[in-house]
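Chemist: This is the feature table in Swiss-Prot:
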- D7: active site (ACT_SITE)
- D7, D139: Mg(2+) 1 binding site (BINDING)
- E67: active site (ACT_SITE)
- E67: Mg(2+) 2 binding site (BINDING)
- D139: active site (ACT_SITE)
Amino acid sequence: MRILGIDPGLRTTGFGVLEKHGNKLAYVASGTIRSNGETSLPERLKTLYDGISEVARTYAPDCAAIEKVFVNVNPQSTLLLGQARGAAICGLVGQGLPVFEYTALQLKVAVVGYGRANKEQVQEMVMRLLSLSGRPSSDAADALGVAICHANGGDTLGTLAGLAPELARKGMRVRRGRLVG
């Protein structure tokens, strides 16, 4: 199975492609799609849409996994990120791909084993898990990480509801839309 992972962003969207053969993961490609901050928002969204569509056509994945939007302190940033994510999802669905969604917590637990891992830890573990010769950019590492999350059975944890029984056993609960322990 070939999986395309996406880390959405308005300035920089990361992508990562990997193959899953049984329990083995193999790196195929990764990179970033950048939009020009000098252009209008609709033009930037079109750049992301076109870039994602091209990546999907080039690497012909069987499915896509994308990171869910987190709620930022700045509502304007959250709205812009949501629009970039929407453009990415449209590009994926436009290529006929099923799209699976994962939170940053799910990604970090799948890759590092710790939900509060920092970007450097995610980069390092992605490099090790996929036997890469160099460290990928943080955007590409997150995209590869979300693909790894999906490859390792993340599709059964696609929603917070899928995680709820395990989290409850660990003393965690949802409060005001956030996970607390």
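Cβ coordinates come from backbone N, Cα and C, glycine included.
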Chemist: Between D139 (Mg(2+) 1 binding site) and E67 (active site), how far is it from one CA atom to the other, in Å?
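Modeler: Distance between the two Cα atoms comes out at 11 Å.
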Chemist: Where does E67 (active site) sit by DSSP, helix, strand or coil?
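Modeler: Strand, per DSSP.
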Chemist: Looking only at Cβ atoms, how many others are within 10 Å of the one on D139 (Mg(2+) 1 binding site)?
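Modeler: For D139 (Mg(2+) 1 binding site), the 10 Å Cβ neighbour count is 24.
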Chemist: Return one of helix, strand or coil for D7 (active site), based on DSSP.
Modeler: strand
Chemist: How many other Cβ atoms are found within 10 Å of the Cβ atom of D7 (active site), counting all protein chains shown?
Modeler: 27
Chemist: Any same-chain residues 6+ apart from E67 (active site) with CB under 8 Å of its CB? Would you list them in sequence order, or say none?
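Modeler: Those within reach of E67 (active site), by Cβ under 8 Å and sequence separation of 6 or more, are I6, D7, P8, E101, Y102, T103, A104, L107, D142, A143, V146.
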